[in-house]
Every structure is written in structure tokens, then in C-alpha cells.
């Protein structure tokens, strides 16, 4: 595939070609749906589908009506999430090639310029560097603009097809696959995302969407921090820069280490304050940029009173039940693995329900699982299980 294997040694036997192949990373043009809602168009079904990021119907033009105020509520503060297998690259000097270009608006030269700007957003604040190579050369990342039916999307269970204009904009694959696909039905531009009344179409910011998908290609899932570029609704919010949330995600995935030997000297000279952008990329450890995030998914949890240890054979299906006897008190269940929040199900790894969690025992799923039942800020119950796989 033109890229090196990057799985942890203990996970290499458990993770096959389909392990999370297609990143659960499609980015939808929620701003289009938001505007149509603002104009009073009947988009409730499309809005719900887009939030779930599956089977969103195509959204066409609508008859303008008297604008209504569109309000959005944020119920809780969130943060980054990583893949359950911690999929990552084993090197920082990544290459990419562009296999096809958009047919609407942007020329190949403009497309290359936009992609380079998106890659710079990551290289400016991380140890990664990105270099374009010729299409016939092997590369780590492979970028293309494709129609609805592209590559193996019709036969693959983990790679879905595009849905036409104003739906899913792009999707990416986790390491070490390196694929980044853009919907060629969209109208890509280098400016801000906006609706063109002259053309009657949405013009979508290529740099913004590409930067989001690059984050997935580096191993980050959708962030739950509202101000993060990796947020599912990043297009709607219009964030144009990486947040501290993405940096913490990279630190957690790749380690937080100084990249050059003069970091300690630079830190003593005050560079951590006056050259913060440079020091975040080169010297995060010396400048104490590795500290833990200040925005927990929920309020700080209390330590479980008891952790049950289970030694199970590989391949066994295990189910944990949490707080079934107290759910009638209208408590909400939060699941964690090794103190990381679990927000989604992952086919072949774990199935997340309201009050239960099922996993397939393997090297990837080893760890400590915790559930916390809360009602508002009050902890109603806490349970914890430590899973070890028997060879």
C-alpha cells in the first residue's frame, strides 16, 4: 500500500486488513443544512442523518423564506478521541501523492496549493513533515477526488460511497492505509465555505476539509471539543486553526518528546513564551506543553471501589453490565477504557450500548474498562473491570 506498518507489536496479530480500515471520519457539509434550516426548508430528516453521518439524503436548493434564528446548544465540554487500536505511523517524514484532481473550479495547481496549506497546519505544530511526490511514486498518503462510486466502495463493508453534493464531503483512512478521498461532486474553493447564489451551489473550503481529514490519516478520530478542527461539525463552526486539543491527541498517540537537543536551553531563554508556535512543535516537553487536558468529558470521576480482573481466552465475546438496577433513577452511563472516553462502537472490537459494553477479547482490547453512572453532577455508581487475554 505504499506505507509502513505502524501497529504496536502486540496488536499486529489481532488487527487485520479490515480492522478499522475506513476511518469513521466522513465530514458532512452541516453548514448547508444549517442554512437551509435557517431559511425554513424542511431539513429535519437530513439534519438528523448528517449528525449521525450515515445515509444523509442529498439536499437541494430551497425557496427562501423569512429567516429564523438558528440556535445550537452545547450540552457538555468534550475532547479528542483515539482509535481503539491506537493506530499510528512509525515515522514522522510522510510523503503524499495526488492521484486525481477536482473537475469543478479548482485547477491542479490551486488544488496542490490548498493541500500544501492544509499539511502546513499540522507540520507547523507537530513533528510531522509532509512532501509531495509524483503520482507514480510510492507514498504514505494517497489523495484523490472521486465520484459517488469510487475504488471499492460498492463491495467493501468498511468503505462507503459518496452521496453527491452537500452531503459527505470527504473521508480518510487511519494509519497505515493513508487514503484521503474527496467528493468530486462538491465545488471546492480556496476561500471560506459559503453558498453561491450565482451558481446555486455550495462552495467548500478545501484547506479546511483537507486539514480535518489529514488529522484522521494521522490517527485522530473526531474530537469532542467544540473548538477543535477535528470536531464532527468543524465545517459548521468554521475553525481555521488547530486547537490545543489536537496537539494533546498527537502527544497521547505519538508521545510528547523534544525533537532537538537545544530545547532545554531555549526554554531557559524564555522561548516557550515568545516563540510558542515553534516550541510547541519542537520542544513540547521542555515547555510543559504536555500537560493533561483541562476539559474532562464529564466531571472528575471517583476511583472505583473495586476492580474485577478477568483472564479470558483470545476471541471470546465479553459483555459488561453497568447500573441496570439504578437506571430508573434517570442516571446517564459513561464508559471509559484506560481512562479514555468511549463514545462509539467499533465493528470487530466493541459494541457500546446504553448500559452494557461488549468486546471481543484480543490484544487490542486488553485494558481496564470503567463505567460511571451519573445524574447531573452526582455519581450514582461506578464499576470497573480489568481484562487480560490468555494466550
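Each residue, glycine too, has its Cβ placed from N, Cα and C.
Feature annotations, reproduced from Swiss-Prot:
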{"type": "BINDING", "residues": "212, 216, 222", "note": "Zn(2+) binding site"}
{"type": "DISULFID", "residues": "256-290", "note": "disulfide bond"}
{"type": "DISULFID", "residues": "263-283", "note": "disulfide bond"}
{"type": "DISULFID", "residues": "272-287", "note": "disulfide bond"}
{"type": "DISULFID", "residues": "322-371", "note": "disulfide bond"}
{"type": "DOMAIN", "residues": "256-290", "note": "domain 'ShKT'"}
{"type": "DOMAIN", "residues": "298-383", "note": "domain 'Ig-like C2-type'"}
{"type": "CARBOHYD", "residues": "93", "note": "N-linked glycosylation site"}
{"type": "CARBOHYD", "residues": "149", "note": "N-linked glycosylation site"}
{"type": "CARBOHYD", "residues": "233", "note": "N-linked glycosylation site"}
{"type": "CARBOHYD", "residues": "317", "note": "N-linked glycosylation site"}
{"type": "TOPO_DOM", "residues": "40-391", "note": "topological domain 'Lumenal'"}
{"type": "TRANSMEM", "residues": "19-39", "note": "transmembrane segment"}
Note to self: Looking at the recorded positions listed here (149, 263, 290), whose Cα lies nearest to that of residue 222 (Zn(2+) binding site)?
What the structure shows: 290
Check: What counts of helix, strand and coil residues does DSSP assign across the domain 'ShKT' (256-290)?
Finding: 17 helix, 0 strand, 18 coil
Check: So which of the disulfide-bonded residues is most packed in, judged by how many other Cβ atoms lie within 10 Å of its Cβ, out of 263, 283, 290?
Finding: 283
Next item on the list: Sort the recorded positions 149, 263, 287, 317, 322 by C-alpha distance from residue 93 (N-linked glycosylation site) and give me just the closest.
Entry: 263
Next item on the list: Cα within 10 Å of residue 283 (disulfide bond) is the criterion; apply it to the recorded positions 149, 256, 272 and give the hits in sequence order.
Entry: 256, 272
Check: For the glycosylation sites listed here (233, 317), which one has the lowest count of neighbouring CB atoms within 10 Å of its own CB?
Finding: 317
Next item on the list: Across all the protein chains here, work out how many other Cβ atoms are within 10 Å of the Cβ of residue 216 (Zn(2+) binding site).
Entry: 25
Checklist line | Integer Å distance between the CA atoms belonging to residue 317 (N-linked glycosylation site) and residue 371 (disulfide bond) | finding: 18
Check: How many neighbouring Cβ atoms, not counting its own, are there within 10 Å of the Cβ of residue 371 (disulfide bond)?
Finding: 23
Notebook entry, point to check: CA-CA, which of the recorded positions 149, 212, 263 lies nearest residue 287 (disulfide bond)?
Noted result: 263
Next item on the list: Note the mean pLDDT of the topological domain 'Lumenal' (40-391), expressed as a whole number.
Entry: 75
